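J.: Below are the structure tokens for one structure; questions will follow.
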């Protein structure tokens with residue numbers, strides 16, 4: 001008697017390029033490139049030159065993606081133990097360590113070369129310093145060494161507006177440093193909100209995030225204080241004449257919203273609120289820099 005025919009569905013296998021793309025943290029890099037673009041646009045009163053604009057965004061984006069890939073490499077052990085990151089390419093074995101290292105290094109070299117030859121050496125070296133700051137100083141050392149890891153290491157993540165500025169002008173300017181200060185003040189409350197939500201996971205892998213070492217309530221207080229500092233930092237562009245009334249009104253509303261969310265977290269906490277604060281902080285930074293961009297062209 002003939003055997004009944006069975007039909008089996010093919011098992012979908014992830015495409016290799018998706019694993020490489022995931023290692024570059026594309027959503028994080030996209031937000032970072034927005035701040036680069038704003039730095040570029042604010043550096044000049046009129047239209048931004050096309051060559052440094054495109055080459056700068058591509059080169060900085062490549063080196064940022066390389067830094068993210070190095071982060072995946074260095075954190076692969078603890079990533080495999082945390083619910084948020086266990087499905088990343090390296091813990092799951094979708095990419096070998098050798099291939100990941102080759103990919104990250106190739107991206108870094110190509111990005112640096114593009115910035116050096118098509119933009120300017122200053123931007124290339126500053127971007128390289130940011131890569132070292134994030135991938136080596138923060139990820140390999142500070143993250144595991146001190147609960148102030150994100151405060152000290154946050155400087156590397158705050159550099160993109162300065163990189164955009166130097167890509168267009170080839171020089172430092174105080175206005176660009178004000179944008180760096182804004183992101184520097186934004187970084188701790190952004191990451192500490194996530195750390196509260198993932199406190200048990202960080203404790204499990206012995207990463208001394210502030211909620212692990214000093215407790216959740218202390219961290220909530222620090223988040224509130226930093227949102228106030230951030231609100232003050234957001235006023236700097238107005239005080240020095242960089243921005244006009246549109247940015248002033250918009251940034252004030254965003255600052256009040258962030259302070260209110262931090263107040264809720266401290267005094268009216270409920271399940272899931274820490275992640276709400278984390279997500280709000282992302283929209284806060286994105287909208288703030290869009291305000292800077294729109295106000296620049298309206299005000300100038």
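The backbone N, Cα and C atoms fix where each Cβ goes, glycine too.
Marked as transmembrane segment by Swiss-Prot: 28-48, 50-70, 106-126, 150-170, 176-196, 222-242, 243-263, 280-300.
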J.: So which of 106-126, 150-170, 176-196 has the most C-beta pairs under 8 Å when paired with the transmembrane segment (28-48)?
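T.: Most contacts with the transmembrane segment (28-48): 150-170.
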J.: Using a Cβ cut-off under 8 Å, which residues of the same chain at least 6 positions beyond either end of the transmembrane segment (50-70) come close to it?
T.: 23-26, 28-29, 32-33, 36-37, 40, 100, 103-105, 107-108, 110-112, 114-115, 118-120, 123-124, 127-128, 130-131, 134-136, 139, 160, 163-164, 167-168
